[in-house]
Amino acid sequence: MAPSSKSERNSGAGSGGGGPGGAGGKRAAGRRREHVLKQLERVKISGQLSPRLFRKLPPRVCVSLKNIVDEDFLYAGHIFLGFSKCGRYVLSYTSSSGDDDFSFYIYHLYWWEFNVHSKLKLVRQVRLFQDEEIYSDLYLTVCEWPSDASKVIVFGFNTRSANGMLMNMMMMSDENHRDIYVSTVAVPPPGRCAACQDASRAHPGDPNAQCLRHGFMLHTKYQVVYPFPTFQPAFQLKKDQVVLLNTSYSLVACAVSVHSAGDRSFCQILYDHSTCPLAPASPPEPQSPELPPALPSFCPEAAPARSSGSPEPSPAIAKAKEFVADIFRRAKEAKGGVPEEARPALCPGPSGSRCRAHSEPLALCGETAPRDSPPASEAPASEPGYVNYTKLYYVLESGEGTEPEDELEDDKISLPFVVTDLRGRNLRPMRERTAVQGQYLTVEQLTLDFEYVINEVIRHDATWGHQFCSFSDYDIVILEVCPETNQVLINIGLLLLAFPSPTEEGQLRPKTYHTSLKVAWDLNTGIFETVSVGDLTEVKGQTSGSVWSSYRKSCVDMVMKWLVPESSGRYVNRMTNEALHKGCSLKVLADSERYTWIVL
C-alpha cells in the first residue's frame, strides 16, 4: 500500500525495507558517498582540496557578533566585512555624511583583533580615499594579495551618479563616467618593530605613531568610461605587491613597496628589462580555440610578412584610404608635425614598435609597415611608444619648516598618488633616492596605452588590416596573469569601421564590425606580443550593450576553460559590502581555513 502521508513517504524512503522507496534511498545515499569519494580522489589529481566539501560541517568555533562587540559600535553603523587571510583580524567600515545633498561621504576602515575567549579589540582605524569629495554611497571591496600580508587594497566604485540637481550644479560626471577610488593601507603588525618603538617614544600616547612600513596609506582616483571595465581582483592582484588598474584608456601596473635607506636588497619590481634568451625560430602553428595560448616567456621571432596570396585592396578602397590619409597628413604638417619621409624606420616584429620613437604618429587607415627595415639590433634602442614607466620615492619631511624641492611635473599619463602616514602627514615624492634617510615608500607605474596597441596590432598582424578604417570603441578583459614570468594576457574587444571584403558585392562603404585581439604584455620589458587576431564579424542591428555583453560572456567562458587549480593559499581574499547594497545582510563571517564563524 502506498504511504498516506509525506512523513510516511520520507520514512519509507529512508528505511532499509525491500520496497521501491528503500531501494531508492540506498541508491541516493550511495550516490552521495560516491560523490565525496570522487571529490577526494580528485584532490590527488588537482592538488587542491575544495572547501565546498565541508561547507555543511559545523564550524570549530561559532560566536555571535553581539557577544564580542560592544553595542555602541553597532549603533555607530559598523558594517563588518570578514576575516583577514591570517585569521587574526576582523575588518569593518563606517560611512558617514551630512543630512543635506551637498555633504560628502567619509569612509573609515577598522581592524579588530579576534580572540575566541574575549571581545574584539580595536587595533587600527584609518580614513579611506583621503580628502576625496564623494557624493554617493560606494560599493567597497577590500582585497588581500595571495602572499603579501603587509597591506590591503580597498576599491570604491561609484556605480550611480548623484541626483540631477547636484550634478547640474557641481558639473559632475554623467552616466557615461564612473569614479574609481583606491586606497592601499599598511596592515597593523602583530608586534612592534624597532622602528615602531622609536616612533612611539617620539610621540608618546599616540596610537598612530608607527613606522612607515607598518603605517602608510596611499590613495588615488581615476575615472572610467563606457563600457565600464570589468572588476577582476583575482587577476588584478595575482602578482604580489602589484595591482593592475584598467583606466579605460590604459592598463596601469602599480607596485608599492617600503624600503630603508642603505637597503642593499632593493629590487625593482616592474620594468627591470630582464628577458629570457631567444628561442629557436619555428613556423607558427594554428591555435585551437579550445586551448589557451601560451604566454610568451621569451621574445619571439619576427612575424612573417603578409602572404602574397592575400587579396589586394581594390582601386576604389585604395583611393578612399589615400584621400583620408592625405587629409591627416596635411593637418599634421600644418601643425608643424614630422613629414612622412622624415619618420624613422620600424623594426620588424609582431608589434613592430620595439624601436619606435615616442614621437612617431600612429598608422592611419591600414598603412602597412616596411618589411625590409634593418634588424632591431642595428636600430637605435629606445623605449616603445606605447609604454610609460615612472618610479617615485616618497619620504617624510624631516622638519616642519622644510622647503619642498621643485614640484614634479605631471606627465598626464601616470596616476596621481597621495601618500600619508597614519598621523595624516603627507610624504614628499622624489625621483632619486640618493638623499633619502630612514624609510621610504616606492611607487612604480608601468602603463600600456590601449589605443596605440590596437593600432599596432591591426597594422602589423591583422589579415584584414587593408580593410580597416577606424575603431569606435573597445573593451579590455584580463584573461590570465602569470606571476612567475610577469606576463599579462589581455583580450581587446573592438568595434570598428572597415571596408567589406573585395569579394562581397554591393557598394564600397565602410561597415561596423566586431572582433577581438589577444595580446600578452611583459611587465619586465613593457613589450607586448600579439597572440591572436580574430576575424571580423559584422554588427547587424545589435546595440553596443548587447555586443559587449556577449563579448564578456565569451571571455568568462574562455577563462573557465583555461582554469588551472592553484594552491589553496594562493588566492586573493576579497570582502565586499555588496549585501548591504542589495538590502540584506550576511548571515555569518566565515574563516573557512580555521572553521570559525561569527554569526551576525
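Including glycine, each Cβ sits where the backbone N, Cα and C put it.
Swiss-Prot marks one residue of Ser314, Ser501 with the annotation phosphoserine, and that residue is Ser314. Long-range Cβ contacts of Cys193 (Zn(2+) binding site) within its own chain (separation 6+, distance under 8 Å): Cys211, Arg213, His214. Phe235 (E7820 binding site) sits 33 Å from Cys196 (Zn(2+) binding site), taking the C-alpha atoms as the reference points.
In this view, the densest Cβ surroundings among the binding-site residues Cys196, Cys211, Ala234 belong to Cys211, judged by other Cβ atoms lying within 10 Å. Listed in sequence order, the residues Thr230, Gln232, Pro233, Gln236, Leu237, Lys238, Ile478, Val572 complete the 8 Å Cβ shell around the E7820 site centroid, once Phe231, Ala234, Phe235 themselves are left out. Highest local Cβ density among the binding-site residues Phe231, Phe235 belongs to Phe235, counted as other Cβ atoms within 10 Å over all protein chains shown.
The two recorded residues, Phe231 (E7820 binding site) and Cys196 (Zn(2+) binding site), show a Cα separation of 35 Å.
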